[in-house]
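Below: one structure, written as structure tokens.
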Amino acid sequence: MAPQAYPTAGQTTTVCVTGAAGFMASWLVKRLLEKGYIVHATVRDPENKAKVSHLLNLPGATDRLKLFRAELCEDGSFDAAVAGCNGVFHVATPTEFMPKDPENDLIKPAIEGTLNVLKSCTKVDSIKRVVVTSSAATVSINNSSEQNQYIDESCWTDVNFLTSQKPPGWAYPVSKTLAEQAALKYAEEHSLDVVTVIPVLVVGPAVTPTVPSSVELALSLITGDEFKMGALKGMQFVSGSISLVHIDDVCSAQIFLMEKPSAQGRYICFPVNTGIPQLAEFLSKRYPQYKVPTKFDDVPATPKLTISSQKLLDCGFSFKYGIEDIYDQAIEYMKTKGLLTC
């Protein structure tokens, strides 16, 4: 491959975003358009206006956004979308957390889909870098009972533990871990510049027509949604902590890493690492109008690990939103959706 300069914002720079109709990817498209990029966005059905109108209505979309049909597990499906691009943001991923057939419904599609995107990218000389969105589920899950664990980009989730013990939701972290490992291996074998971004619970406003499940999850202590609260507890039980990042920060980090020539490898991306008891105490004090539970007998009193974003910070990135901003904006967003009233 003989790519040119690293992508930079401007009306002559074209990038592709996969899975563009989703929560994170649609916000990423929004931010890229704001910065002046030309955006090729992949969706499953460009003609389904109910699923893509939020993209077409973004400022700048009329002149600088083009939708492409693509399917993760269809060979060559991303060829047209990445053609002529300078960079690619691979965000698309299967998100069925409780699949009936984990191997065929979630794990294989995640791996094959990622490789299909990368194979398309190797056909295009102008592509300088691919930024792959991974997950903290790829670094934080293990069978250790050790407290105060320090997690950084050198850590990998224990896939053998997950596949043997099968805790609730086990297939998703397995799919993300194996997909990221496959991406990095493919990149090395084919001299493709791939950087991975590792966020966790992404929270904030959305341009999607429906409320993102991660926002509902993060706000379950406020809304009282027992099912979502149970899932939040399960997250801490399996991964060891609750970590949060604002949607705008993670998208800014993706763009930052696309544009940063020296970026390489994996980057954990979130500023807030806590546990449910600590999070509940914060929420009850900051938002006393809501009945936030503060007594928990079924979750650890403190998180067993700390996940570090130091590598990203050392690269020159800075987070704009702390926990107060994350929840202030998420609550206001839920009010606009009529899901919170005070």
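Just so you know, glycine gets a Cβ as well, placed from its N, Cα and C.
When Ser164, Ser213, Ser214 are compared with the NADP(+) site residues Arg44, Lys51, Glu71, Leu72, Val91, Ala92, Thr93, Tyr172, Lys176, Pro199, Val200, Leu201, Val202 in Swiss-Prot, the one appearing in that site is Ser214. Once the Cα atoms of Arg44, Lys51, Glu71, Leu72, Val91, Ala92, Thr93, Tyr172, Lys176, Pro199, Val200, Leu201, Val202, Ser214, the listed binders of NADP(+), are compared pairwise, the greatest separation found is 25 Å.
Note: Glu71 (NADP(+) binding site) has non-local neighbours Arg44, Ser77, i.e. same-chain residues 6+ apart with C-beta under 8 A of its own C-beta.
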